[in-house]
There are 2 protein chains.
Amino acid sequence: MSEEGIATAPGNMKIATFNVNSIRARLPIVVDWLGANRPDVLAVQETKVQDQDFPGEAFDEIGYRYVFRGQKSYNGVALFSRHPIHDAEFGFDDELKDEPRLLKASVNGLTIVNTYVPQGFQPDSDKYRYKLQWFARLGAYFRNRFKPTDPVLWLGDLNVAPQAIDVHDPVSLLGHVCFNPQVQEALEAVMAWGFTDLFRRHCPDPGHYSFWDYRASNAFKQNLGWRIDHLMATETLAQKCTACYIDSQPRTAARPSDHTPVVADFQW
Amino acid sequence: MSEEGIATAPGNMKIATFNVNSIRARLPIVVDWLGANRPDVLAVQETKVQDQDFPGEAFDEIGYRYVFRGQKSYNGVALFSRHPIHDAEFGFDDELKDEPRLLKASVNGLTIVNTYVPQGFQPDSDKYRYKLQWFARLGAYFRNRFKPTDPVLWLGDLNVAPQAIDVHDPVSLLGHVCFNPQVQEALEAVMAWGFTDLFRRHCPDPGHYSFWDYRASNAFKQNLGWRIDHLMATETLAQKCTACYIDSQPRTAARPSDHTPVVADFQW
DNA sequence: GAGTTCGGCG
DNA sequence: CGCCGAACTC
């Protein structure tokens with residue numbers, strides 16, 4: 001089998017993001033999803049596992065390579081690819097010692113930046129200030145390392161719903177750490193460097209979400225969701241995107257994550 | 001379908017004991033095993049569930065009646081039957097308030113006493129003294145309530161390997177709370193009232209076990225086991241026993257109990 | 001090694 | 001609601 005494999009013809013790339021809420025608890029769901037969809041690249045957040053316990057063999061067996069960085073209990077990012085992964089780096093290059101939330105790598109000449117943006121707890125908290133600062137650092141990261149004309153794909157759980165149509169109840173949720181003008185501006189400031197929201201470019205409609213809280217039971221059934229998982233592409237890359245969609249099937253499985261994959265197809 | 005059902009002809013009874021190590025964790029294994037073997041009666045130990053959380057519906061659906069008594073985390077006994085269950089009682093009738101370890105009931109005119117005998121922790125411990133006392137109380141229980149000529153079946157996890165042939169390494173295990181002369185004599189003292197070990201009556205050979213410790217990995221594969229789950233019958237009943245065997249199949253399943261069922265067939 | 005409970009978290 | 005980790009039992 002060629003590296004490009006079956007599902008994706010040579011010249012095409014299918015790339016997805018999925019907050020799995022524990023790679024170990026979600027192993028069958030992730031493995032099944034990779035087997036059924038054969039994306040070229042899957043970016044994963046909230047692996048919640050130390051590097052020595054990462055369940056790599058399950059992915060070896062189905063023909064995926066991977067890089068990852070994690071810790072006990074919280075955070076953790078990984079990248080799975082059917083193609084060789086080059087130049088993997090983790091975290092910001094500034095002086096702060098950080099949680100494992102950023103993974104950068106190149107696949108097929110495309111730069112992929114997988115982030116798990118801090119959720120922020122509540123508006124008046126250190127965690128929220130850390131979230132805003134994290135966006136600022138990420139803006140500097142892109143400015144310092146890349147040009148807006150480079151093919152860069154920033155994707156992951158960004159923990160921001162960009163607009164009113166991205167939450168199920170924009171009135172009552174206004175002010176939430178993932179849905180308020182300040183955090184939306186923090187996201188936009190990073191976007192302004194040169195990113196477009198691939199899902200929104202392909203679908204103008206409300207009611208499409210990537211996350212439904214476990215705590216509100218029946219949230220998924222009633223579609224009480226949030227669109228906080230995103231694929232953001234530089235313009236040259238965005239023009240090669242032929243489709244972007246949310247696959248809610250994994251959210252219907254037994255013992256699902258509270259998130260579901262967002263997928264984009266590219267002519268590449 | 002008649003109460004006697006398919007697998008067992010009228011006049012025959014198949015009765016089994018199985019320490020499930022959590023009835024909830026083992027639900028698919030127990031339901032599948034009942035469906036495949038259709039015993040008339042199954043006695044279960046270590047249900048590890050409070051009565052209000054007992055998963056009865058799964059057994060309603062496959063045509064089994066049941067009685068049970070449990071607690072959070074530890075212990076707990078249950079009896080499943082394809083026939084009506086009569087006169088169910090729990091625990092000793094003495095004054096001590098006890099853990100849920102004894103369940104007595106009648107099925108088809110046969111008295112069944114299902115016990116989960118205390119394991120005993122280590123020889124010089126209160127738990128071990130409690131175990132020895134528990135056997136003494138059980139002896140009194142049989143003497144006070146039944147005659148040796150009654151058809152009584154005492155079964156369950158008795159936490160004693162009666163002889164050297166009942167453990168995989170009688171030399172190194174000698175002195176264990178489940179394998180030492182004192183605890184064997186405590187068992188024999190109860191047996192002396194009128195019980196025979198049905199498995200041993202039907203099979204004189206070593207190497208047949210009902211329990212393999214999870215902690216020694218590959219214990220099951222290497223058959224490093226213990227025969228501590230038993231069916232003990234009064235003589236009139238023992239004479240009606242046509243077969244007694246250990247079914248190790250459930251121990252080979254995914255996420256197995258550390259024990260496996262012991263089964264006896266009767267002309268009844 | 002594999003069940004359990006419980007508290008912390010989102 | 002469902003993850004994790006820690007402590008407990010067998």
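Quick reminder: no glycine exception, Cβ is built from N, Cα and C everywhere.
Features as listed in TrEMBL:
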DOMAIN    B:16-259  domain 'Endonuclease/exonuclease/phosphatase'
BINDING   B:N19, B:E46, B:D157, B:N159, B:D258, B:H259  Mg(2+) binding site
ACT_SITE  B:Y116  active site
ACT_SITE  B:D157  active site, proton donor/acceptor
SITE      B:N159  site 'Transition state stabilizer'
ACT_SITE  B:H259  active site, proton acceptor
SITE      B:H259  site 'Interaction with DNA substrate'
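Overlay of TrEMBL feature records on the structure.
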residue : record              : Cβ neighbours (10 Å)
B:N19   : Mg(2+) binding site : 25
B:E46   : Mg(2+) binding site : 25
B:Y116  : active site         : 24
B:D157  : Mg(2+) binding site : 29
B:N159  : Mg(2+) binding site : 26
B:D258  : Mg(2+) binding site : 19
B:H259  : Mg(2+) binding site : 25
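Annotated Mg(2+) site B:N19, B:E46, B:D157, B:N159, B:D258, B:H259; additional same-chain residues within 8 Å of its Cβ mean position, judged by their own Cβ, are B:V20, B:N21, B:Q45, B:Y116, B:F211, B:I228, B:D229, B:S257. Straight-line distance linking the Cα atoms of B:E46 (Mg(2+) binding site) and the residue listed as 'active site', rounded to a whole number, equals 7 Å.
In the three-state DSSP reading, B:D258 (Mg(2+) binding site) counts as coil. A separation of roughly 8 Å, to the nearest angstrom, links the Cα atoms of B:N19 (Mg(2+) binding site) and B:Y116 (active site).
Checked against B:Y116 (active site) by C-alpha proximity, the binding-site residues B:D157, B:N159, B:D258, B:H259 yield B:D157 as the nearest.
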